Amino acid sequence: CCDWDWCDHICTCCGG
């Protein structure tokens, strides 16, 4: 997990 991602509304690595 990187941080909270608003694009998928989950804790992941979205958009680097």
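Note: Cβ is positioned from N, Cα and C throughout, glycine not excepted.
Mapped onto three states, the DSSP output places CYS13 (disulfide bond) in coil. Swiss-Prot lists CYS1-CYS13 (among others) with the feature disulfide bond, giving similarity to another entry as the kind of evidence.
Summarising the annotation, Swiss-Prot assigns disulfide bond to CYS2-CYS11 (among others) and lists similarity to another entry as the type of evidence.
According to its DSSP assignment, CYS7 (disulfide bond) is coil. Residues annotated as disulfide bond in Swiss-Prot, with similarity to another entry given as evidence: CYS7-CYS14 (among others).
In the three-state DSSP classification, CYS2 (disulfide bond) falls within coil. All protein chains considered, the CB of CYS7 (disulfide bond) has 8 other CB atoms within 10 Å.
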